[in-house]
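As given in Swiss-Prot:
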{"type": "BINDING", "residues": "30, 214, 239, 243", "note": "Zn(2+) binding site"}
{"type": "MOTIF", "residues": "32-42", "note": "motif ''HIGH' region'"}
{"type": "MOTIF", "residues": "271-275", "note": "motif ''KMSKS' region'"}
{"type": "BINDING", "residues": "274", "note": "ATP binding site"}
């Protein structure tokens, strides 16, 4: 099997992956700020790094996968106040909702899922170290800030030059800062903030800045220097750039070897975001589409490419996934172990080892499905299920998928018992030699999105189309 190559944002190139400890991978991914329901952009991040950790384990690595939860933030505080509830009540509720969405999408839970509020002492310890090392200062307004110009390598991840950056590029100007580009490590508490929004420190009551949270959690759980750090493309600057400055400024060590960033989800060629008001929650999408269809929609696009969201693309994903399940419908796979020396296994592995090239891996699944359709071979069916399973797909009994209605069909389509009644009426018509009536029922069901297949022996199977 070829070596795994990962596109490293830091190097701006694909690189052969070499873990710091042979056979072990330590990976941190920036998770979700829990003040609302997860949207499709979140779904992409969740699925992408679920695929990454699945593949790393599949090729033999022992993986420690950490994905954090941001459970203290200005947006969280505002939403809790608006709702008249405590911060913990709000965040617990949306963490629960996030877990429900993950389960629906077939996301395997990370090995560790730290909440920012569980690591306040570690954050304060890192801030004090940065102050000791000359990278941090307490401003007149009580905030503790990071002095960006003190860190010589600032900009190495994003490629941005300090001289080219201006206050306002995702950085709020503040007269209390020594430099407009400096960013906050510890926010001084305001008098009107609710309970649970601040902690005691040598700097006064306050709460951590967003960036220090991930530095402290990553270093605490994975060590000062670890293998992979991931997140959405929008986090490359300033969040991940600032993480590097904080972590390396505090420890004096390289923070991360490989930086991975997934591309945006787009609607009408614009980034899907709450600020633009063009986002859809996972729950809204799952009302209309099967969760595995949504996962397949995400999986079949390379993780670094833009993902264009539309009903047309989701409908196409549903049709494509239906083709894969249909290939398995009447074939019982054998129970042999996956053999990477088989040609399809080799092509699949080569694709996944080429920076997780899921479009090519999915194409291999369709090649296999075509061969299964032609040969009805149990070995090929087993390979199809096994390889698809590495992507979190084709885990259901084929008929269960093919007969399951989408959310839209559940709202206005035929229920299974209604379909069976129509099939029984068609059987009766055929027995009475009323073939015109039998054809009418078949056509009526097809119009309603139900395809019939007459089997040897007189039985009839159905699936949704």
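In case you wondered, yes, glycine gets a Cβ from its N, Cα and C as well.
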Cβ within 8 Å of the mean position of the Cβ atoms of 30, 214, 239, 243: remaining residues of the chain near Zn(2+): 210, 211, 213, 215, 218, 229, 231, 235, 240, 242
Local Cβ density at residue 30 (Zn(2+) binding site) - other Cβ atoms counted within 10 Å: 23
Residues from the same chain, set at least six apart from the ends of the motif ''KMSKS' region' (271-275), whose C-beta lies under 8 A from its own: 36, 39-41, 234, 264-265, 309
Under 8 Å by Cβ from residue 214 (Zn(2+) binding site), counting only residues of that chain that are 6 or more apart: 28, 30, 68, 239, 243
Least surrounded among the binding-site residues, given as 239, 274, when other CB atoms within 10 Å are counted: 274
Packing count at residue 243 (Zn(2+) binding site) (other Cβ atoms within 10 Å of its Cβ): 28
